[in-house]
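Here is what TrEMBL says about this protein:
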DOMAIN    63-241  domain 'Rhodopsin'
TRANSMEM  40-59  transmembrane segment
TRANSMEM  79-99  transmembrane segment
TRANSMEM  111-130  transmembrane segment
TRANSMEM  150-172  transmembrane segment
TRANSMEM  231-254  transmembrane segment
Amino acid sequence: MYFIPQRRPRQLCQVPVHAPRHYLHMIPAEPYLPWKVCRVHYFLVLSVSVTILHVIGILSSVLRVEYRRRMHRLWWDDYASIVPAAFECVAIAIIWLRFRRYGDSEQVRQLKIALSYMNITCLSIIIWWSRITLALAVVRITPVWSRTRLWVIGFACAFIVAWIAILLAMLVPCAVNTDWQHVRVDIILCAASYRVTDVTVPTNLTSDMILVGFPLYRLWYIKLRPAQRRLVLFVFSTSVLSLFGELTVTIIAYGKLFSGPGAMLVWP
């Protein structure tokens, strides 16, 4: 019996151990994905995955609003859910515009800068208006005579103020300090400073914990009808997912799991 040795498949991004010195100089200096083929594959997979998540969010918002419209039960939380769904469509366009290959002209550089500003704005609107929608959903199921109703309305207004403040805190430094606009890369990013991160991360965690705590309070201490209980469970599960995502970003940001010039392209 003869055994035919199988060749190990050659990996795309693998550099030979005993490669000549001139061979190593031919490899472009990339922080995480050394070869362009790997980088294109990475961004393609990332773009498709994020696009699918955005499409799921858009379809769920459309189905929700249409169902409430047919039942003649539209309220402020339903109207507020239209805002993040609309900007998710814009976010999808930004993702694929960034994925395209451009030249090195001044018009292309201005386009990349504009896409960076639009990306920051869209993500901020999607995240915070989703929280505002969840807060209004809690207001909807809270009786008028309940003291917690005023608290939830106050938190919804606080979310609007926090959204505007954090968005300005991210955009103003990008407009003042323009060094990032002159970097010659495929995707131009204006990274938030550590001061802004130190403010946004606790604010995001606090907001998500509030949205987790109020539904639990409603479930434990107040008797609800089955329809209201389902809505509370929906708000609670959505808030838990958002809190889990924020905790993941916090661990990555403060744990310095990614560092270097390409870190912002890997983990946002």
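Here the Cβ of each residue, glycine as well, is placed from N, Cα and C on the backbone.
Per-stretch counts of Cβ pairs under 8 Å to the transmembrane segment (111-130) identify 79-99 as the leading one among 40-59, 79-99, 150-172.
Taken together, the residues of the domain 'Rhodopsin' (63-241) have an average pLDDT of 84. Listed by sequence, the residues of this chain that lie at least six past the ends of the transmembrane segment (40-59) yet keep a Cβ under 8 A from its Cβ atoms are 12, 33, 84-85, 88-89, 91-92, 95-96, 99, 126.
Remote same-chain partners of the transmembrane segment (79-99), defined as residues 6 or more beyond its termini with a Cβ less than 8 Å from a stretch Cβ, comprise 43-44, 47, 50-51, 54-55, 57-58, 61-62, 64-65, 111-112, 115, 118-119, 122-123, 125-127, 129-130, 132-133, 136, 187.
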